[in-house]
Amino acid sequence: MGRRWGFLIGFLVAAGLLGSGHGEQQPPETAAQRCFCQVSGYLDDCTCDVETIDKFNNYRLFPRLQKLLESDYFRYYKVNLKRPCPFWNDISQCGRRDCAVKPCHSDEVPDGIKSASYKYSEEANSLIEECEQAERLGAVDESLSEETQKAVLQWTKHDDSSDNFCEVDDIQSPDAEYVDLLLNPERYTGYKGPDAWKIWNVIYEENCFKPQTIKRPLNPLASGQENTFYSWLEGLCVEKRAFYRLISGLHASINVHLSARYLLQDTWLEKKWGHNITEFQQRFDGILTEGEGPRRLKNLYFLYLIELRALSKVVPFFERPDFQLFTGNKDQDAENKMLLLEILHEIKSFPLHFDENSFFAGNKKEANKLKEDFRLHFRNISRIMDCVGCLKCRLWGKLQTQGLGTALKILFSEKLIANMPESGPSYEFHLTRQEIVSLFNAFGRISTSVKELENFRNLLQNIH
């Protein structure tokens, strides 16, 4: 019996030695594992997991959303790319041709979009245009009807609302032009180095509630790195922590786009754009970024949940019979509204929505001050976009910050949305065409990022 047990123990020890690496070596970690091994499971401050988002976005939402964004209503965005930077004067304008933006000629934009930025019945549109004209003249005079005077005052109140999270362009300015987003896609332009770092540095260092003594990981403009950043971040209230994660998620999403639509070949015959695996690894590989890359990708998923939740909350605004995606093409407009509502109802069915009720809870006075700080910090970030030296980067930066700002406005307007009238303009809660176009295109960018992560995961699978 003793000899038999000795033989068995010896066999198990030998097997253990083989399995522990003294014999056959373990296979090396793949590039996909280094980028994505931590990007799984539940997200911080959420009850949702990455895998549920991937499945929902990539197979149920992404294809229909892309179809909607290709329609005339969503592809034309009016923007002023000539606004001066309000913070510094030494902007280095990018001279590369890929940084340029080609605006639309007047005859390229559908008449319905140019003549009315709104989406209601003809009678309601007429009233709104009269209101806007009076507001531009800067007067509510006695020549206007009583109904119009009242509407102008309500409209002005809306424009000055404390629920607006962005400083938006004056689309009536002669410098504001329509841009076809499909012909000016977000992709790698070559805009990088100190000028680009400066933009993100100001955003993070001055607008994310961070004291100067706390050093941000991998900050190229700060000397000396400290390991106190994440312990500081976890000690923040949930609102300030969420603010940082939203900005980090937006930054990560933009970097995913630049890596996925990279200029791989540029000859006199053709330009070839595609996935640059090396660029992606430099930005997100766990080893190359000292663990920072996977954290950024998880923040991208957090941003996705926030914008998804906002879209689920604003469904009643778009469901009203008077609402139109107005371009002047009646049949196409009706089809697009039907597709829009299909997408919104799909979003509403998502099983693990973010619960925003934890935001700005507790003492009402403190909560209101925190909300105002939150709003002003984000509004400041929207102003920083006018300091971006690459015009194409500025275009997409302005659109995506306005889209996220619109999402935040929706999340904190639940009561106003619930009290909207069933027909006609809604003065207490209102979305302009600019806000609608930016909201859906911004979410389209995040949705595309999530889809591209699946592509990069597959491309990196066999790379070590």
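Just so it is clear, glycine is given a Cβ too, placed from its N, Cα and C backbone atoms.
Under the heading active site, nucleophile, TrEMBL lists Cys390. Cys390 (active site, nucleophile) counts 25 other C-beta atoms within 10 Å of its own C-beta, drawing on all protein chains shown.
The active site annotation in TrEMBL covers Cys393. Shown in sequence order, Cys94, Cys99, Thr189, Tyr191, Ala196 are the residues of the chain, 6+ apart in sequence, with a C-beta less than 8 angstroms from the C-beta of Cys393 (active site).
Counting only same-chain residues six or more apart in sequence, the Cβ atoms lying under 8 angstroms from the Cβ of His251 (FAD binding site) belong to Trp200, Arg296. If you look up TrEMBL, you'll see Arg187, Thr189, Trp200, Ser248, His251, Arg283 marked as FAD binding site.
The feature disulfide bond is assigned by TrEMBL to Cys94-Cys99 (among others).
Taken from TrEMBL, the feature disulfide bond covers Cys390-Cys393 (among others).
For 1-23, the entry in TrEMBL reads signal peptide.
Considering only the binding-site residues Arg187, Ser248, Arg283, Cys390 (active site, nucleophile) has Arg187 as its nearest partner by CA-CA distance.
Cβ neighbour density within 10 Å is lowest for Arg187 among the binding-site residues Arg187, Arg283.
The disulfide-bonded residues examined here are Cys94, Cys99; by Cβ neighbour count within 10 Å, the least packed of them is Cys99.
Within the same chain, residues at least 6 positions away in sequence whose Cβ sits under 8 Å from that of Ser248 (FAD binding site) are Arg295, Arg296, Asn299.
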